[in-house]
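Some notes on the structure that comes next.
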């Protein structure tokens, strides 16, 4: 493995900040970019306040995210909601970018058809987005076969009519900060279930779904992987592990599995929980797994609980980066000098969205707050697909 000191010597002489519009940073209503960091320090949603931030590590940002606040159906008279989506791409940005553009629209469509929000609406929206992306893969297969190996972990939260819907496919995570009045503390409560082969429960699920495949999960270099290839068991995309038609040339050999399969190896169906929001529920921390590699649930909740709301998502990311630097026995100031691509040796792309819950607003079906639509990453995220 290349040492931290060696990488610093490689990049220090030629390092420069990625170009951004304006001088040191850019600011507008949709957030601000400062080098590899994007942030929207504060804003209002229909049920309270929020803070968002993204740090890029990959050469192309693979994390995409969205916060929508307003009608959650195709009609302005429909229920008001706050929608949060965190999409952690792997193999490239295409799947995460696609989901960021289309999943919320599919949720609005099915909410309208259903005349309301439900777990079934969310599942339908995930599966419709999956089918749309697989259709895109099919169209581009001959000219861009690599797109069959691209996928995205998808975490969604919807606050609507006093309920919180959490849907997850992959290993991003949402943690609730809940006030324990008797002990005068704010306790971390994980609301999402994760789909990573490192978890025994996930390995057992895979074995039960594929009883005739002894290689469905393989321990490779001390890491459990599905078919020895990928750690997550659910995603949108990853067509090469969903449809046998993509498990062949011209896809690179490292992505092909030797056995013929007749049903999807990975799944796109999200695990969904519905939580009634109580006055003790203070805030939610949505984040891609890059944050949770460096901070525990309770550490993240303690930071949000004890620090000012303004810029709190950015503070969580900076705290995680300090931990990443410490693990590599280097200074945080030196880590900040490392450019994208090389930066991936030290940490992943990280997305954090902190959503504060105002108990006076949560249960309302209407709100006078302005409509809001913001995508995380700004100029870092590149063009939409």
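Each Cβ is built from the backbone N, Cα and C atoms, and glycine gets one as well.
Sequence annotations record features per position, and here Swiss-Prot assigns Mn(2+) 1 binding site to 88, 89 based on similarity to another entry. Taken residue by residue with DSSP, residue 89 (Mn(2+) 1 binding site) is part of a strand.
In the three-state DSSP scheme, residue 289 (Mn(2+) 2 binding site) is classed as helix. Look at Swiss-Prot and you will find 88, 289, 348 tagged as Mn(2+) 2 binding site, backed by similarity to another entry.
The domain 'PPM-type phosphatase' annotation in Swiss-Prot covers 46-357 and rests on sequence analysis.
Around the Cβ of residue 77 (phosphoserine), 7 further Cβ atoms fall within 10 Å across all displayed protein chains. If you look up Swiss-Prot, you'll see 77 marked as phosphoserine.
Model confidence over the domain 'PPM-type phosphatase' (46-357) stands at 95, taken as the mean pLDDT rounded to a whole number.
Of the recorded residues, residue 289 (Mn(2+) 2 binding site) and residue 89 (Mn(2+) 1 binding site) place their C-alpha atoms 11 Å from one another.
In this structure, the C-alpha atom of residue 88 (Mn(2+) 1 binding site) lies 10 angstrom from that of residue 348 (Mn(2+) 2 binding site). The Cβ of residue 89 (Mn(2+) 1 binding site) has 29 neighbouring Cβ atoms from other residues within 10 Å, across all protein chains displayed.
Between the binding-site residues 88, 289, 348, 88 has the most other Cβ atoms inside 10 Å of its own Cβ, all protein chains included. A distance of 34 Å separates the Cα atom of residue 89 (Mn(2+) 1 binding site) from that of residue 77 (phosphoserine).
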